[in-house]
Amino acid sequence: MLITKEQIFERAKQSQLWAGNLIAGYQNHTAKLKNYTPIDNSLIGYIADGSAQDVHAAVNVARSTFQEGSWSGLSPQERKQVMLRWAQLIEKHSEELAALDCVDAGKPITECLNTDLPATIETFYWYAEAIDKLFGKIAPTGNQEMGLIVHEPIGVVGAVLPWNFPAQMFAWKVAPALAVGNSVIVKPAELTSLSAYRLVELAYEAGIPKGALSLVCGLGEKVGEALGRHPDVDMVSFTGSTEVGRLFLKYSAESNLKEIVLECGGKSPQVVFEDADIDAAIPHIMAAAFWNMSENCSCGSRLIVHENIKKPLLEKLTKAVASWQVGNPMDAAVSIGPMIEQAHFEKVKSFLDSTIKEGGKLVVGGKVRSDLGSGWYIEPTIFDAVTPEMSLFRHEVFGPILAVTSFKTDDEAVTLANDTHYGLAASFYSQNIHRVMNIARRINAGTVSVNGFSEGNITTPFGGFRQSGFGGKDNGLEAFEQYTQTKVIWLINH
Ligand code: NAD
């Protein structure tokens, strides 16, 4: 039965939304956690308060399923058919999934419907279609031997997800990991587990064996840590903060040296050179800075602009900010919803005060909209005169505050852009091809977009340099490298 967004909003009002553990053959009596929406801080339902015991049960069933081969032993063509059915079901239920992400994360419904879910669906189709087109290699040997280089699934994979793009991050990890034949255990963020629960239910409906895909909901310190430390998990693919990413390296080091892939935070620069087409750049700069309330790992939170064009650029940005409506994200006209939770709201808000104290100049915004819902709404805000010493320049805010710094020379622009511990994404604007070629190479980031803001698309690998993460990439055919291991089979002719 198809469920409309209005029905999800109504169920949220009645506190009826639920995300539980899904572990084949395991009767768990897990306690529940209350689930509040950031929209107005009302109770929308419950999620399972998973435990280390639940993780252990999920790992056992994942391992036995991997060994017995009901998923890992299928041919790529067979897995592809099931994955395609799953993609079709997700497409069919996309309105329901979009509405779940909207109420769970406070994301604007228009973006959930028009961006997150289409990207999620495309990811599932793309990996389903790709899986029977992957080839191994043969080494250049003499006639007496043959070296086959083959890629095999790793085994039991943990996918630990953040809350900012719940359905999409699920897709980025789970689609390639399952497509190559692994057994996958998903740990969604405790703040946003609803769409993950439905996606796993739809996977079972499509025919993915239950043992090949489990869901364990609950707190990071309980479920996430148990997964990170479990001796029979072969790898964890993690997306989240750099701080928690470090913990996963520790869990691995102190347990079974499981492989860890980290996709972490960022403090991405947007550089505008004097020769940029400013009018064309404005919508991109705005999207990079404020899309998804700036709760976006690749958020272009530092605007580095040539001093000669700063004034007109800031005037145009100030006008553009006015068209980004702050309000209830269930309203189709709204672009800026609430911060995800109170603690995060307080952290973002603290940058409003500290930036003024440290010498930043408020250009536009700067106010908390305590009159709206939960009160965790912050206007899109721009601060000028931000220097590299200031905390707004250095820290990932994950909220709608853009830091503006000006430069005189190209070298200075590159130095400022690279003056960060992160290296996830960057964008820059120039109409001079020589400058474009030069600067694109000198900026230290996993994705550098020119004359626009982009994370690439499903065909291109996504991931960062430095403290933005390492170990593998999401998206593109490169994602398969995360979830496979390379084996050499050496044939000798006597
Ligand atoms: P987070 O690190 O707080 O949480 C991420 C996941 O880790 C959640 O599932 C959480 O439950 C779990 N976790 C939390 N504490 C844990 C612990 N002690 N042990 C084990 N697991 C634990 O991140 P978040 O706040 O959900 O997401 C925001 C962060 O994610 C930002 O830093 C953002 O830049 C990053 N992010 C990165 C990418 C990327 O592709 N590079 C994409 C989206 C988000």
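Including glycine, each Cβ sits where the backbone N, Cα and C put it.
Here TrEMBL flags Glu263 as active site. Summarising the annotation, TrEMBL assigns domain 'Aldehyde dehydrogenase' to 31-489.
Under the three-state DSSP scheme, Glu263 (active site) falls in the strand class. Counting every protein chain shown, 27 other Cβ atoms lie within 10 Å of the Cβ of the residue listed as 'active site'. Model confidence over the domain 'Aldehyde dehydrogenase' (31-489) is summarised by a mean pLDDT of 98.
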